[in-house]
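Trainee: Right, I'll just put the structure down here and ask away after.
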Amino acid sequence: MQTSDKSPEEYDFLVLGSGEAGKYLAWTMARKGLRTAVIERKYVGGSCPNIACLPSKNVIHSAKVANYFWRGREFGIHKEHCWIDMSAVRDRKRKMVDGLVQMHLDIYQSSGTELVIGTGRFVAPRTIEVDLAEGGSRLLRGEKVVISTGSRATVEAIPGLREAEPLTHIEALELDRVPPHLLVIGGGYIGLEMAQAMRRFGSEVTILERNARLLHREDPDVSAEIEGFLGEEGVRIMTGARINRVEGKSGTCVKVHVTREGKDMVLEGSHLLVASGRTPNTSGIGLDRAGVKITERGFVKVNDRLETTAASVWAVGDCAGSPHFTHIAYDDFRIVRDNLAGRRRVTNGRQVPFCMFTDPELARIGLSETEAKKRGIAYRLAKIPMTTILRYPARFPRRVGFLKALIDTNSDRILGFTALGVEAGELIAVVQVAMLAGTPYTTLRDAIFTHPTIAEGLVPLFSAVPSRAS
Ligand SMILES: Cc1cc2nc3c(=O)[nH]c(=O)nc-3n(C[C@H](O)[C@H](O)[C@H](O)COP(=O)(O)OP(=O)(O)OC[C@H]3O[C@@H](n4cnc5c(N)ncnc54)[C@H](O)[C@@H]3O)c2cc1C
Ligand SMILES: NC(=O)c1ccc[n+]([C@@H]2O[C@H](COP(=O)([O-])OP(=O)(O)OC[C@H]3O[C@@H](n4cnc5c(N)ncnc54)[C@H](O)[C@@H]3O)[C@@H](O)[C@H]2O)c1
C-alpha cells in the first residue's frame with residue numbers, strides 16, 4: 001500500500017476492524033449523529049458471526065445431532081444407512097452466516113454508520129489509509145479512533161508446520177468432507193470443541209497437547225473428566241507431546257514428529273488443525289506511526305479504561321489483550337462508551353464467565369481451586385456429581401460431570417462455581433447473578449427450583465458446603 005499525499009476525509013469517530021466492541025461503539029456514536037465509519041477488510045460484524053463463535057456452535061450442533069443418530073438404538077430409534085453430508089453441514093452454517101451478515105448490514109444502514117471494506121493501517125496519528133477491496137485507496141482521519149482488529153490463529157515456528165498448510169478454525173469450519181484422520185495441535189477451547197465435533201462426524205481424531213493435561217489452566221479434576229468423556233467417544237489424547245517437526249500437507253497426508261516421555265514417534269493423519277492459541281492483529285498496521293505502543297506479547301498497550309498511549313485512541317477486544325471472549329469484547333464496548341459519556345467504568349475486577357461448548361459443556365465463573373490456592377485464598381468446597389441431579393437419567397444415559405462451588409471461609413460469599421455437564425453454560429448464569437448481588441450461598445441452597453431441571457442441582461450442591469469453623 002502506498003502512502004497517499006491527499007488530504008484525509010474527516011470523521012468524528014473512526015473504527016479499525018469491525019469486531020464486537022468496535023461495531024457497537026460505531027453504531028452507538030452514529031446514532032448520536034456523529035460522522036462515523038468502520039473499516040473492515042473481510043468479515044462484516046467481525047469474527048464471532050463469520051468464522052468463530054456462532055459458526056462453530058452451528059457445526060457443533062450438527063455434530064450433536066449426528067451423535068444422537070449414531071446412538072439412536074439407545075433411545076429406541078432405528079435409522080439404517082445414516083451418513084454425513086459434510087457439504088450440507090457447511091451449507092447450513094453458511095446460510096446462518098449469510099443471515100447474520102445481512103443483519104449487520106441492516107444495522108450499519110439504519111444507524112448511519114459508513115462501512116468501508118478494505119484493509120487499513122495507520123499512516124499518522126488518528127489517520128488511516130485504506131486499501132479498498134474494490135480497488136484504490138482512501139485516507140480517513142478520526143477525531144476519535146478505536147482499534148478493534150481482533151486476533152488470528154497462532155501458527156508456531158515448528159519446522160514444516162507452515163509448509164503443511166494446516167487448517168485453522170476458519171478452514172475447518174468450511175470442510176466439505178469428513179477428514180479421515182484429523183490431528184489437532186492444542187488441547188484448549190478450539191481444539192476440544194472441534195475435536196469432538198469432527199469425531200462425531202466420523203473422523204479419527206488425535207489431540208496433541210504439550211502440557212501434561214488438557215485445559216491445563218483448569219483444575220485437574222476438570223481435565224480428567226474431559227479426557228474421560230472425549231476418550232469414551234474415541235478421541236485419542238496425547239498430552240505431554242512435544243512437536244519437533246511436521247511433514248507433508250494437510251488435506252492429503254501429514255506426519256507429525258513428536259517426543260513424548262523421552263520417546264520419539266510419528267503420527268500420521270489426513271488433516272492437521274492448529275488450535276494452539278491466538279496472535280493479536282497488531283503488526284503491520286502502522287501503530288508506531290500513530291503513537292500507539294504495544295506490549296511484549298504484541299497486544300495494544302491500554303489502561304483500565306482501554307485508552308492507548310496515543311491521545312483519543314482506544315483499543316478493544318482481543319487485540320487489546322482483553323480475555324478472548326465475545327461477551328468480554330462487548331463489555332469493552334460498554335467501558336469505552338460510558339467513559340466517553342463522562343462516567344467511570346474500568347476493566348479491573350470485572351467478572352469473566354466462560355463456557356466451552358463441548359458436549360457436555362464446561363462453564364466457570366469466579367475462582368477455580370487452582371487459582372484460589374495460588375492466591376492463598378482459603379475456601380470451603382462443595383462438589384457433587386451430576387448423578388445427584390434427577391433430570392439427568394431421563395435425558396442422558398451416561399452421567400458425566402460435576403458441579404463444584406468455592407465458598408469463603410469467613411462469610412457465606414460464593415467465590416467460584418464450575419459446572420461440567422449438560423447446559424452448564426445456562427446454569428452458571430444463576431450463580432453469577434447471586435455473586436453479582438453478593439447473595440450468600442444459602443439463598444440458593446434454600447431456594448425452590450423447578451423439578452426436574454438442571455438448576456435444581458444447585459440445592460444439593462450448596463447443601464454440601466461444610467459449615468463454617470466456629
Ligand atoms: C473458533 C472460535 C470459536 C470461538 N467461540 C467463542 C464462544 O463460543 N464464545 C465466546 O465468547 N468467544 C468465542 N471465541 C472468541 C471470540 O470469537 C473472540 O474473542 C471475539 O470474536 C473477539 O472479538 P474482537 O472484537 O476482539 O475481534 P474480531 O471479532 O476478530 O474482529 C476484528 C475484525 O478486524 C478485522 N481487521 C483486522 N485487521 C484489520 C485491518 N488492518 N483492516 C481492516 N480490518 C481489519 C478482522 O477482519 C475482523 O473482522 C471463539 C473464537 C474462535 C476462533
Ligand atoms: N467457547 C468459547 O468461549 C471459546 C471457544 C473457542 C475459542 N475461544 C477463545 O479463543 C481462544 C483461543 O483458543 P485456542 O484453543 O486456540 O487457545 P487456548 O489457549 O485455549 O489453547 C491452546 C492450547 O494449545 C496448546 N499448545 C500450544 N502450543 C502447542 C504446541 N506446539 N503443541 C501442542 N500443544 C500446544 C496449549 O498448551 C493450550 O492448551 C481461547 O483462549 C478462548 O478465549 C473461546
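Just so it is clear, glycine is given a Cβ too, placed from its N, Cα and C backbone atoms.
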Trainee: For the NAD(+) site that TrEMBL assigns to Gly186, Gly187, Gly188, Tyr189, Ile190, Gly191, Leu192, Glu193, Glu209, which of the candidates Gly112, Gly118, Gly120, Gly277 is also assigned?
Mentor: Gly277
Trainee: Say we define neighbours as other CB atoms within 10 Å of the CB. Which of the binding-site residues Gly120, Gly150, Gly186 has the fewest?
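Mentor: Per-residue Cβ counts within 10 Å for the binding-site residues Gly120, Gly150, Gly186 bottom out at Gly186.
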Trainee: Cβ under 6 Å from ligand 2: which of the recorded positions Gly186, Gly188, His451 qualify?
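Mentor: Result: Gly186, Gly188.
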Trainee: Identify which of the following recorded positions, namely Cys48, Cys53, Gly150, Glu209, place a Cβ less than 6 Å away from any atom of ligand 1, and list them by sequence position.
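Mentor: Among Cys48, Cys53, Gly150, Glu209, near ligand 1: Cys48, Cys53, Gly150.
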Trainee: When you look at Lys57, Gly120, Thr149, Gly150, Ser151, Asp318, which the record names as binding FAD, what is the longest CA to CA distance in angstrom?
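Mentor: Across Lys57, Gly120, Thr149, Gly150, Ser151, Asp318, the two farthest Cα atoms sit 30 Å apart.
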Trainee: At the level of the C-alpha atoms, what whole-angstrom distance separates Thr149 (FAD binding site) and Cys53 (disulfide bond)?
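Mentor: With the alpha carbons as reference points, the distance is 16 Å.
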Trainee: With Gly188 (NAD(+) binding site) as the reference Cα, tell me which of the binding-site residues Lys57, Gly120, Gly150 is the closest one.
Mentor: Lys57
Trainee: To the nearest whole angstrom, what is the C-alpha distance linking Gly186 (NAD(+) binding site) and Cys53 (disulfide bond)?
Mentor: 18
Trainee: Would you kindly give the Cα-Cα distance separating Lys57 (FAD binding site) and His451 (active site, proton acceptor), rounded to the nearest Å?
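Mentor: Cα-Cα, rounded: 28 Å.
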